[in-house]
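**Q** Per Swiss-Prot, the features are:
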type	residues	note
BINDING	94, 136, 140	Fe cation binding site
ACT_SITE	137	active site
């Protein structure tokens, strides 16, 4: 089932999401719906707050990106970045902030502790695009959006567009949730 994407200015995007204590069939169904919704919106990452749920769950699927065509969707639960290395700037966008793209400086490599779709604990290292997308989605779990990381002059450039989105002037090819709907029960 395709779920509507929560848009900029909705309060759930500004909250620190709650950890999951386990996973059951309802979470498995949710994960499938998140993957379907992300693909429908032509995204490569989606965090639970982006569908109105305050839970520490995210999905990454780089397969639409050239060079990553064989990538499988990755489920990340309760992530915690243990270490970072190097920094670089790269253009980012976000399904919750349609039509805005800007360069964001982030660590180029991370060591991540998380639980997978079977709720098994893992510690892995990620670099390049995967590290960037994971950090972007983890930020969603912490109530941070990529526009919060922009330098002042870049933020000024997109401010009017952000105000338009907050006012509901949004045009997307995917369904969006009503703004300020609040978090749904997890």
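Glycine too: its Cβ is placed from the backbone N, Cα and C atoms.
These numbers come from a predicted model, not from an experiment.
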**Q** For residue 136 (Fe cation binding site), what is the tally of other C-beta atoms lying within 10 angstroms of its C-beta?
**A** 23
**Q** For residue 94 (Fe cation binding site), which residues in the same chain are close in space, meaning a Cβ under 8 Å from its Cβ, but six or more apart along the sequence?
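**A** Looking at Cβ-Cβ distances below 8 Å from residue 94 (Fe cation binding site), excluding near sequence neighbours, one finds 100, 136, 145, 146.
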**Q** In DSSP terms, helix, strand or coil for residue 94 (Fe cation binding site)?
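**A** DSSP assigns residue 94 (Fe cation binding site) to strand.
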**Q** Please list, in sequence order, every residue of the chain apart from 94, 136, 140 whose Cβ lies within 8 Å of the Cβ centroid of the Fe cation site.
**A** 45, 47, 50, 92, 95, 96, 137, 139, 145, 146
